[in-house]
Amino acid sequence: MDKLLIRGGRPLVGEVPISGAKNAALPELCAALLTADPVTLHNVPRLQDVATMLRLIRNMGVQVDRIANPDCSVADAAGIVRLDAGGLSTPEAPYDLVKTMRASVLALGPLLARFGEATVSLPGGCAIGSRPVDQHIKGLQAMGAQIVVEHGYMIARLPQGCTRLRGARITTDMVTVTGTENLLMAATLAEGETVLENAAQEPEVADLAEMLIKMGARIQGHGTSRVRIQGVERLHGCEHAVVADRIEAGTFLCAVAATGGDALLRHGRADHLDAVIDKLRDAGVQVAPEEGGIRVRSPGAAQLKAQGFRTTEYPGFPTDMQAQFMALNVVAQGTATVAETIFENRFMHVNELLRLGAKIQTTDGRVAVIEGLGGAAPTGARLSGATVMATDLRASASLVIAGLVADGETLVDRIYHLDRGYDCMEAKLRGLGANIERIQ
Ligand code: UD1
């Protein structure tokens, strides 16, 4: 199992390219299932989750061609993927593939809408919480689908005599990102109008809608909490570039801030990171949109002020940035309270950060109080390197940030979590001057 060895203490300086967003690429790969024409996606990040999704749709009979970018430097590849679902033979997502990646459930809506049937494994539990998919099922049922759960699979079909889903007004019980995406994709081929109320407003949902519009879908209001879709009979192929990954950009913002660095995050979209950037500025970090990216300058963690926040849906503070910002708080000055409201078990990085010398107290798994070490700098209290274990994707990134500031060597074990969602993270960090290597 690969590990990352980090020798901390160097400020991150220079330029780093931000890749396409994992959470946009995954639904967009599934959107290709909606048409028999070829679809070409640009700026697809090289991630384990993307590889899993490609395996999943190949397994259905979709032709997948990865077109390497011959001009790419190590950490700056915009992958091109061409998908042809014209010969799709098996509208099925088996447990073996789904269990490794929850987002596989995104195949359900498109398969059902185009073929009138789909069999998709239930994803099961996941490290950060129970994460049910009841809202996906409820929404598709409102559109006329008959769905039964048998032997761990969701078996969905249209009623006898029906050839298409039918439009419906759907209000989900909570804001769900992949739920909105599944229903949005399904609605593009339904008969009549679908209105999604309480829809997720994340930029990845809006980017998916933009892609679907290029395919001939009729969608209004994407990026707001009410999305209207007029179903069409068929969609056609398209070319689309995946939007930049705001969570990868946010992770680099925190890493540069924590190490007292100065960097340009190329292709980064500051307008997708308002809540995080506001907190960084309040902490004392300079962040500014610049031609072609985001500039970040930090006076060093010991000069920064720890910031409290609550995770909420977009445009609020993203749960996917909670762990990384906590690593910054750990080394800043003052005390901050962080509340996680989206997932029930998303503080697994806390115990690992404690192993590095952080001062954090948690109550009921939802609230963490961080006493920053920055204020204690004159007395010599600092993070000190140790072996730590990555437990989920964003927790891993938080440990890497902590390792970059800790004294001595930090060994981050189980970094397959990191590889699921970060494109060449260690190469990108090395490009900014970090002393980091992968040990196999
Ligand atoms: C997506 C993101 C993930 C991010 C999360 C929240 C992808 C591939 N993943 O995950 O990185 O952390 O949004 O921003 O885009 N819920 C239900 N029933 C449902 C659906 C959701 O109870 O049918 C609950 C979940 O358990 C959770 C909350 O709703 O507590 C939000 O989850 P959701 O937005 O659906 O997360 P994902 O789409 O799985």
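Using the three backbone atoms N, Cα and C, a Cβ is placed for every residue, glycine included.
TrEMBL annotations: computationally assigned, not manually curated.
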Given TrEMBL annotates R131, P132, V133, D134, Q135, D320, I342 as UDP-N-acetyl-alpha-D-glucosamine-binding, which of R102, R164, R166, R169 belongs to that site as well? R102
I342 (UDP-N-acetyl-alpha-D-glucosamine binding site) CB neighbourhood, other CB atoms within 10 A: 19
Please give me the CB contact count at 10 A for D320 (UDP-N-acetyl-alpha-D-glucosamine binding site), counting all chains in the structure. 24
V133 (UDP-N-acetyl-alpha-D-glucosamine binding site) to K22 (phosphoenolpyruvate binding site), Cα to Cα, whole Å, comes out at 20
Using the residues the record lists for UDP-N-acetyl-alpha-D-glucosamine (R102, R131, P132, V133, D134, Q135, D320, I342), what whole-number Å value is the largest Cα to Cα distance? 22
For K22 (phosphoenolpyruvate binding site), which residues of its chain lie six or more apart in sequence with Cβ-Cβ distance below 8 Å? P45, L47, D49, V50, D245, I247, E248, G421
DSSP three-state assignment (helix, strand or coil) for P132 (UDP-N-acetyl-alpha-D-glucosamine binding site): coil
